[in-house]
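S.K.: Below: one structure in structure tokens.
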Amino acid sequence: MGLPGCIAVIVLLLISWREGEAAMFTFVNRCADTVWPGVLSNAGTARLGTTGFELPPGASRAVPAPSAWSGRLWARTGCAQDGATGRLVCATGDCGSGTAECAGAGAAPPATLAEFTLDGTGGLDFYDVSLVDGYNLPVLVEPSSGERPGGASSAGSCASAGCAADLNAMCPAELRSGGGAACRSACDAFGRPEYCCSGAYANPGTCRPTSYSQVFKMACPRSYSYAFDDPTSTFTCAGGPDYTVTFCPGATPRSASLSVPALLHLTFQVWIWLVLALPRGVDPLKRLVSSV
């Protein structure tokens, strides 16, 4: 084979490699403690090269994703080896595998979830950060590049998604889990259809925001607060960007809108007081407005 033929083969190999690798996920740990990221691929989707690993404070790790991958990412916290069994046991987000690798198992709630569908409808990436299964730590998703579908003014296009607020410090007492290590969703805590969007409430018309989901939404406006919170919580991006998933992001120039200043913290506490003080069925927002 001559030189031109060799070059053609190399080009084809590079193209096929790029098509096989849709994106690069970079996990960053800015928490004060070690976290153990977990990865769960959706049914029918190829697994990533890892399903879980240890990530010390200040460390990062890049994980390539295959084309058209979909699944969820999260962080386990408070993990340690059980002295009797040798299994890895985590205080929050445990996948039950007993090891750093989750091997196809998902996170036990409550856990903050980053959800992705790469190369989905119309060739777009879809991503969100969900509090539907509760919250265990702040998570921020940032696309590194990409094209805004529909023009630069399109809402939710190639934007950062996530929750930088410390919901554990603000969590209502009835939702606290693990001594304050995590905050449960109202569905997980009470199991009622109106909180779980199940039964007669299994559609957007009947399952509306509750006082608890509104509390989550106030603190984390760019995260899913309940099952049908799509319009302000699902983000899209074209052009096959890479993604950075940061645990405990804090306030950064790109995510300043996600931080919770002292005033919002106070507002959040007032809202919780209203939720707890008012009778069931009374809208706290309407009561607050009527009293002004």
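Just so it is clear, glycine is given a Cβ too, placed from its N, Cα and C backbone atoms.
Found this in TrEMBL, in case it helps:
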- C31-C248: disulfide bond (DISULFID)
- C79-C90: disulfide bond (DISULFID)
- C95-C102: disulfide bond (DISULFID)
- C158-C237: disulfide bond (DISULFID)
- C163-C220: disulfide bond (DISULFID)
- C171-C183: disulfide bond (DISULFID)
- C187-C196: disulfide bond (DISULFID)
- C197-C207: disulfide bond (DISULFID)
- 1-22: signal peptide (SIGNAL)
S.K.: Go through the disulfide-bonded residues C31, C90, C163, C171, C187 and tell me which ones have a CA within 10 A of the CA of C197 (disulfide bond).
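M.R.: Among C31, C90, C163, C171, C187, the ones whose Cα sits within 10 Å of that of C197 (disulfide bond) are C187.
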S.K.: Taking just the CA atoms, what is the gap between C163 (disulfide bond) and C31 (disulfide bond) in Å?
M.R.: 14
S.K.: Rank the disulfide-bonded residues C79, C171, C196, C237 by the number of other Cβ atoms within 10 Å of each Cβ and report the first-ranked residue.
M.R.: C237
S.K.: Could you check what DSSP calls C248 (disulfide bond) once collapsed to helix, strand or coil?
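M.R.: DSSP assigns C248 (disulfide bond) to coil.
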S.K.: In whole Å, how far is C95 (disulfide bond) from C79 (disulfide bond) when you measure between their Cα atoms?
M.R.: 11
S.K.: Could you state the CA-to-CA distance between C248 (disulfide bond) and C102 (disulfide bond) to the nearest Å?
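M.R.: If we compare the Cα positions of C248 (disulfide bond) and C102 (disulfide bond), the gap is 21 Å.
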S.K.: Which of the three DSSP-derived classes (helix, strand, coil) applies to C171 (disulfide bond)?
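M.R.: Note: C171 (disulfide bond) is coil by DSSP, not helix or strand.
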S.K.: Could you check which of the disulfide-bonded residues C31, C90, C171, C196 is the closest Cα neighbour of C158 (disulfide bond)?
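M.R.: Going through C31, C90, C171, C196 one by one, the closest to C158 (disulfide bond) is C31.
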S.K.: How far is it from C196 (disulfide bond) to C237 (disulfide bond), counting Cα to Cα, in Å?
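M.R.: Cα to Cα, C196 (disulfide bond) and C237 (disulfide bond) are separated by 29 Å.
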